[in-house]
Amino acid sequence: MTEKANGVKSSPANNHNHHAPPAIKASGKDDHRASSRPQSAAADDTSSELQQLAEMDAPQQRRGGFRRIARLVGVLREWAYRNFREEEPRPDSFLERFRGPELHTVTTQQGDGKGDKDGEGKGTKKKFELFVLDPAGDWYYRWLFLIALPVLYNWCLLVARACFSDLQKGYYIVWLVLDYVSDVVYIADLFIRLRTGFLEQGLLVKDTKKLRDNYIHTMQFKLDVASIIPTDLIYFAVGIHNPEVRFNRLLHFARMFEFFDRTETRTSYPNIFRISNLILYILIIIHWNACIYYAISKSIGFGVDTWVYPNITDPEYGYLSREYIYCLYWSTLTLTTIGETPPPVKDEEYLFVIFDFLIGVLIFATIVGNVGSMISNMNATRAEFQAKIDAVKHYMQFRKVSKEMEAKVIRWFDYLWTNKKSVDEREVLKNLPAKLRAEIAINVHLSTLKKVRIFQDCEAGLLVELVLKLRPQVFSPGDYICRKGDIGKEMYIIKEGKLAVVADDGVTQYALLSAGSCFGEISILNIKGSKMGNRRTANIRSLGYSDLFCLSKDDLMEAVTEYPDAKRVLEERGREILMKEGLLDENEVAASMEVDVQEKLEQLETNMDTLYTRFARLLAEYTGAQQKLKQRITVLETKMKQNNEDDSLSDGMNSPEPPAEKP
């Protein structure tokens, strides 16, 4: 009723605000309120402000056109500023209790430490900071993908065009377009690198001078500058069909490797990507080797011996596709050390083949090592899971378990593997810090925790402790989760599957529990006065395979040890639930409260007696210590007096006698 009343009262104000002129600057509270609006409100604001624009423009129809246009531009600029600035999504209040206030992007104050003297300078600096790319962000990754394309194009086609003249001359218009498009991307990448932030003391640096200095003093900057030197001007001297003058474009290779590294960390299938990446590297090496073989054959002379490429005057070997495929075939046979190629004849041919064989051995070793390790990593999870199954099978055979039970266990393992539920979450997340583990657990179990009634008013710290203690469990068809009369030591939350509340015969069904339901939460609290006591009141059985989250009583008690207030809130919440359901014996509660008061009084008396005994012992120790100190002081005073008397006596004996007077 309060929320509805508040909504009714606030609606006129909201309607009034729609007719108010848009403000260019707002106070801090207004900015905060605007930033916390949901994004769905943007459409309403847009339509209302455009309607306002039309209403403001209507009375001006008969006035001058220039004035109407100026007013229109001003309102549009204000509308664009308010609607296109960054807005944060509305946070989940339940989630915020776990996570605390979110850290917004913190801009470091760089340079000489002096701020801008006027607001215009600050606005300009903030506008420039919008173009600083976060190297861990999505836009930077998309740019890496874009820059990797021209790099890969140059590494694959530039050398092929330099070696195969037919490829260069037949499509030189296409190559010119692609070359200069890649040059534009290279130049743009140089400016992007100047606007790419980096972390300093954990914060993203956005100062322009620092970004520029950080990039310029690296080796990569020198390579990037060398890769955009306009060597194409040499075309005027040697001709347009000499693409080898653009070999400096190959120096931009680091961006392609960076894209591959980031993709490997982002992809959900890193092993497959590593294999694909390895195959790409091998294909590029074979491609380059084929081009070099063709270039050597051209320099020696086509068909002069059996090792070089056959004479291109032969129609069978005189067209482009056959030239490239033949060279690629020769390169593949050589680098894979298969052989079966014509032996070299000249010394330079021998040297090239020896070099190829060495490269081939390295490639073969790399392939065997990398592919072997990748396959081992891909099968590591399966091998570990299979080892568990084998151990269980061996145990069941040793203990002569029945075939039906053995088949049931095997089906349970099959269900875990088929539905990807064989991962031990605690083992996987143990390498993460506690904060990240809590964040992941909250994101995974948030919707589940919201359905538990007793956790609605708990402290955020306790909820974080509890969410880390939830353990997933999988039950097979027909398994009993709990039986009537059992002592309740766990509470369960159903993630997937269906459970039935059945009679003692196990057949008659009283109720059906589905995903999102929870049970057993009251029994683990040990609430005094509960008519259920600490025992289960129903039989709950799994109809199929069911995924449940379990929270044990020991884990709950361990968590609430450090949160006594939260424990009291949990017990009060549990009493309210029991009272609503008529399961709380108020007389027993009152009696237990009286017993608690009596126990507290007895405990207080015991504590008072203990304190009195300790005080008396301390007083006796103090009195004894005081007497000892007095005795020591008396002894010291006596010794001091005796020393003073001895000193005065010795001074009298050592003093000279006065001389006798003469008569």
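Quick reminder: no glycine exception, Cβ is built from N, Cα and C everywhere.
Membrane topology taken from Swiss-Prot puts Leu133 and Asn311 on opposing sides. Here the listed stretches are 145-166, 177-197, 320-354, 355-379, and the one with the most C-beta pairs under 8 angstroms to the transmembrane segment (223-241) is 177-197. According to its DSSP assignment, Ser523 (3',5'-cyclic GMP binding site) is helical.
Geometry remark: Thr537 (3',5'-cyclic GMP binding site) versus Val368 (site 'Central gate'), CA distance 62 Å.
Look at the Cβ of each of the binding-site residues Ser523, Thr537 and count the other Cβ atoms within 10 Å; the largest number goes with Ser523. If you take the Cα of Ser523 (3',5'-cyclic GMP binding site) and the Cα of Val368 (site 'Central gate'), they are about 59 angstrom apart, rounded to a whole number. Looking at Arg536 (3',5'-cyclic GMP binding site) and Phe364 (site 'Central gate'), their Cα atoms lie 65 Å from each other.
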